[in-house]
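Working notes, beginning with the structure itself.
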Amino acid sequence: MATCAIQQSAFVGQAVGKSQNEFIRKVGNFGEGRITMRRTVKSAPQSIWYGEDRPKYLGPFSEQTPSYLTGEFPGDYGWDTAGLSADPETFARNRELEVIHCRWAMLGALGCVFPEILSKNGVKFGEAVWFKAGSQIFSEGGLDYLGNPNLVHAQSILAIWACQVVLMGFVEGYRVGGGPLGEGLDKIYPGGAFDPLGLADDPEAFAELKVKEIKNGRLAMFSMFGFFVQAIVTGKGPIENLSDHINDPVANNAWAYATNFVPGK
């Protein structure tokens, strides 16, 4: 089933997203008009998280959802008060950005808490607190991965920066621009060689995994924001803050810090 919207434009079109599970847009010369098409995921109506009867952001109290939020994509709860998804091209771009940021946030949240947990259980780190760890590279001995100089021994911030730019830039460029392993695959959910475990083989299971990914990713983005605020306000890592709160919840909570916090002190 396809929903067509004709918008005024005069450029030769393009096709974005070839996977049957993704947002399909075809733009072509049609007089002075442009045809934009969306293709609904075939397996979506069989899942409670997709379609018209999917859960809404306020449950039974949700207002009329916008007509352009049809429930064909994971994480669509019918909420768009700012109209960010009204334009199909903007919607497609924002979906891609959200999924990518969700994945980075999930990795980041794990990286913020895991070293502290290991440190509290006897694993030696030069610095286990996430926002202090990078400063170890400026110390006399440099930065050792997991405290072991035989793994990764970094002493140059410029070398680290160059490696990140080159390696991460290459991967991101490959994802966006395509290549032998990614040709003809979707930019958000490539599958193929990028799915060695075959998680996308079953369309129904894959549709559910997309929902789980976006929900956990959104939670991780909020978590990272909380870690940033904690670091600024308390100067401690998330695990130490949690431990302090458990030991004395009255003195260590958001309200107590908010009423006593003075920026710059």
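Glycine residues also receive a Cβ, built from the backbone N, Cα and C atoms like all the rest.
Residues or ranges marked as N2-acetylarginine in Swiss-Prot: Arg38. If you look up Swiss-Prot, you'll see Thr40 marked as phosphothreonine, on the strength of similarity to another entry. Here Swiss-Prot flags Tyr57 as chlorophyll b 1 binding site. Under the heading chlorophyll a 2 binding site, Swiss-Prot lists His101, citing similarity to another entry as support. Here Swiss-Prot flags Gln136, Leu146, Glu213 as chlorophyll a 3 binding site, drawing on similarity to another entry. As annotated by Swiss-Prot, chlorophyll a 5 binding site applies to Lys212, Gln230, with the evidence given as similarity to another entry.
Neighbour density at the Cβ, taken as the number of other Cβ atoms within 10 Å, is lowest among the binding-site residues Gln136, Gln230 for Gln136. If you measure from the Cα atom of Tyr57 (chlorophyll b 1 binding site) to that of Lys212 (chlorophyll a 5 binding site), you get 16 Å. Spacing of Gln230 (chlorophyll a 5 binding site) relative to Glu213 (chlorophyll a 3 binding site) is 25 Å (Cα to Cα, whole number). In the structure shown, across all protein chains, His101 is the one of the binding-site residues His101, Lys212 with the greatest number of other Cβ atoms within 10 Å. For the binding-site residues Tyr57, Glu213, the largest tally of other C-beta atoms within 10 A is found at Glu213.
Each residue contributes its Cα atom, and for Glu213 (chlorophyll a 3 binding site) and His101 (chlorophyll a 2 binding site) these two points are 11 Å apart.
Comparing His101 (chlorophyll a 2 binding site) with Lys212 (chlorophyll a 5 binding site), their Cα atoms are 15 Å apart once rounded.
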